[in-house]
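**Q** For reference, TrEMBL lists these features for the protein:
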ACT_SITE  E400  active site, proton acceptor 2
ACT_SITE  E400  active site, proton acceptor 1
ACT_SITE  H530  active site, proton donor 2
ACT_SITE  H530  active site, proton donor 1
BINDING   Y238, R539  chloride binding site
BINDING   H399, H403, E427  Zn(2+) 1 binding site
BINDING   H399, H403, E427  Zn(2+) 2 binding site
DISULFID  C166-C171  disulfide bond
DISULFID  C366-C384  disulfide bond
DISULFID  C555-C567  disulfide bond
CARBOHYD  N86  N-linked glycosylation site
SIGNAL    1-25  signal peptide
Amino acid sequence: MMNIQLYTVMVLLMCAVLFSSLTHSSTEETIQKKLLESFEDFTAGPQLLKDSVTKETVQRWLEHSNEVSRVWNERLNSAQWRYETNISQENSNQLISVSIQSDAWFRKQAKFSRLLLDHFPFDDLDMKRQLRLKSVTAVPESDAIIRKQKVFQQQMSRTYSKSKLCAARKCLSLEPDLIKMMSVSRDPRQLLWAWKGWRDVIGPSTRDLLTNYVHLLNIGATDNGFSDIGEYQREKYYEFPQWIEVLSDQLLREIKPLYVELHTYVRHKLSQFYGPAVMKESVSTIPAHLLGDMWAQAWGNIFPIVRPFPSNTKEDFDTIINNQSLTPTELQQKAEQFYESIGLNPMMPKFWRNSIFKNQLTEMDCHPKAFDFHRKRDFRVKMCTNDMATTYDWNVAHHEMGHLEYYMAYRNQPDIYRNPANPAVDEAVGDTLAMFSSTHKRHIYRLSQGGSDKHNYKRNINLLMREALDKIPTMIFAYLLEKWRWRVYQGDISSANYTQAWWKMRYDYQGIHPPLQRTESDFDPGSKYHVLADIPYIRYFFSTVLQYQIHEKLCQITGRNIPIQHCDIAGTKEVGAKLLDFMELGSSFSWPQSLKRLTGTATISSRPILNYFYPLYTWLKNINDRQSNDLKQEKKSV
């Protein structure tokens, strides 16, 4: 056996050589070769590691492995950007190649991290956390399985991004064309055409791909000690997997009464608007194509139909945005102005030089996305904004820039910590800031100063209704989508009943039904981007709850004595300082610790969101009870 001290020195030297070669190598093949060769000795055996490794050795290895990881993440995000902004076979092949190589590196890093955790007594909590985070992976042992995973995922992604719905010599893409049609059309036949057509072009062609992909994901999960890929995702992103499932069920029970009242009211209004030919009186659920959204997850676009007080229209933020006629670039400038007003960072030059704000001539993935290239000064966004920005575009632009503010804040952390506290917190930060950016809050509050109490109350209910239509149904949808997917991963839902189980859950949890009969060949879950892109969705359930926790805390910082629903943080630098103090942590602490630093509590609570919407809840309950009593009286008189 080689001399222990010599072995340790050799290990460190290999790390140094590896670091140097990675930062100067010009080819992926050279990088991969040096990675695999240099770290082969790291798995020499537990006993050798136990006898030779010191705290200083581990610290040096962590520093070098973080730099190697940074390089791989840089290459991976660059390849992802090239592919998503120009969907070509060449870019697809390059992305698959880089993904396979990076997975091989992260697999070896995870193995060595586990060895260190198992055989080295750590008293340094930061060192132990870094190793624990590095040790969690679901990369398969077989390189052939990795390649198959990437190929199937690319096929699904390409199908989703390039699919179009064609009629009368005109072809419509999902974003922005079909999204806009579903949001503004009130013709049930046109809505049904778009709803069915999108599922026809996506579902049948991706059903078998997803089945094979899930099988391959589960191989990787079981190779690394997890029961299925869902357990891995809950462990990786939330650290307390069993608790997360229990917490999601608890929060759903607490939110459900508000959703039930909202659903009851909306269904009644839609029945009045569309009539019995479209809305069957004997059915207590809502047809999925009538809610202003391709997936019936966010209902804000039907606000004009369900507005509680139609005569009070000054709070209509849609009109405010439409009247500004913002171009895609002007929209991003507005977002930057808002973030700078609260003391956050302006966008860097490469953001303005390299981001894509509207659809290019090339085939591209139009799903909005923020990118961190792991270079400290390269942060971008891609989205397909309408020529004249809509409310949807406004919210997306501010949300995605919120992600970039988070990424920029933690850019000086070691690469393993260059992540949000968890994905839900990341989404919550973006949503909270997008929520504050809607300047109608301050506008409405100022309007209310000159009005009567009665008018103020009506404006507030309208405002809360508009917000609840987007937020509350999205929570329920996110919960049921992820529950469906976890059951697929676990084998409780097989490929033989994907669609049946999907609509059973949509009926049970959301009170939604398909507008026409569905079969297993339709594969309706595949109509959602996140299902085919393999993006965990429970983050959007938790993020909505967290959003109102963060909102409440930031409102307290302003010190302004106004109703929480009208809170405005624009121009309050103390808010930006508090956010930066939190965001700079990245994932260097567990998410409960990070959350406590921002909000003062380490738990996710439904209290703030329920308090926020309480005036609307009481109004809904009263109006629904009155309508129910009127209906009973009508039936008695017949």
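Going from the start of the chain as shown, residues are counted 1 onward.
Including glycine, each Cβ sits where the backbone N, Cα and C put it.
Keep in mind that this is a model prediction, so the values were computed, not measured.
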**Q** Considering only the recorded positions N86, E427, C567, which fall within 10 Å of E400 (active site, proton acceptor 2) when distances are taken between Cα atoms?
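**A** Near E400 (active site, proton acceptor 2) by Cα: E427.
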**Q** Going by DSSP, is C384 (disulfide bond) part of a helix, a strand, or coil?
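**A** SS state of C384 (disulfide bond) = coil.
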**Q** Among the recorded positions listed here, H530, R539, which has the most company in the form of other Cβ atoms within 10 Å of its Cβ?
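**A** Per the Cβ count within 10 Å, the most buried is R539.
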**Q** What is the interatomic distance between the Cα atoms of E427 (Zn(2+) 1 binding site) and R539 (chloride binding site), given in whole Å?
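**A** That comes out at 7 Å between the alpha carbons.
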**Q** Tell me the Cβ contacts of C366 (disulfide bond) under 8 Å, same chain only and six or more apart in sequence, or just say none.
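**A** Set apart from C366 (disulfide bond) by at least 6 residues yet with Cβ under 8 Å, we have S161, S173, L174, E175, P176, N359, M383, C384.
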**Q** List the Cα distance (Å, whole number) between H403 (Zn(2+) 1 binding site) and H530 (active site, proton donor 2).
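**A** H403 (Zn(2+) 1 binding site) and H530 (active site, proton donor 2) have their Cα atoms 18 Å apart.
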**Q** Taking the centroid of the Cβ atoms of H399, H403, E427 as the Zn(2+) 1 site, which other residues of that chain lie with their Cβ within 8 Å of it, listed in sequence order?
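**A** Residues close to the Zn(2+) 1 site, other than H399, H403, E427: A370, E400, G402, D426, V429, G430, D431, A434.
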**Q** So of all those recorded positions, Y238, H399, H530, R539, which one's Cα sits nearest to C166 (disulfide bond)?
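**A** Nearest in space to C166 (disulfide bond), counting only the recorded positions, is H530.
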**Q** List every residue in the same chain as N86 (N-linked glycosylation site), at least 6 positions away in sequence, whose Cβ is under 8 Å from its Cβ.
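**A** Looking at Cβ-Cβ distances below 8 Å from N86 (N-linked glycosylation site), excluding near sequence neighbours, one finds Q360, T362, E363, M364.
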**Q** Which state, by DSSP, holds C555 (disulfide bond): helix, strand or coil?
**A** helix
**Q** I'd like the Cβ neighbour count for C166 (disulfide bond), meaning other Cβ atoms within 10 Å of its Cβ, all protein chains included.
**A** 10
**Q** Cα-Cα separation of C171 (disulfide bond) and H530 (active site, proton donor 2), in Å?
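**A** Checking the Cα atoms of C171 (disulfide bond) and H530 (active site, proton donor 2) gives a distance of 23 Å.
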**Q** Quick one: of the recorded positions Y238, H530, R539, which has its CA closest to the CA of C555 (disulfide bond)?
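**A** If we rank Y238, H530, R539 by Cα distance to C555 (disulfide bond), first place goes to R539.
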**Q** Hey, does DSSP put the residue listed as 'active site, proton acceptor 2' in a helix, a strand, or just coil?
**A** helix
**Q** For Y238 (chloride binding site), which residues of its chain lie six or more apart in sequence with Cβ-Cβ distance below 8 Å?
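**A** Correct list: I244, N422, A424, W591.
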**Q** Using H399 (Zn(2+) 1 binding site) as the reference point, find which of the recorded positions H530, R539, C567 has the shortest Cα-to-Cα distance to it.
**A** R539
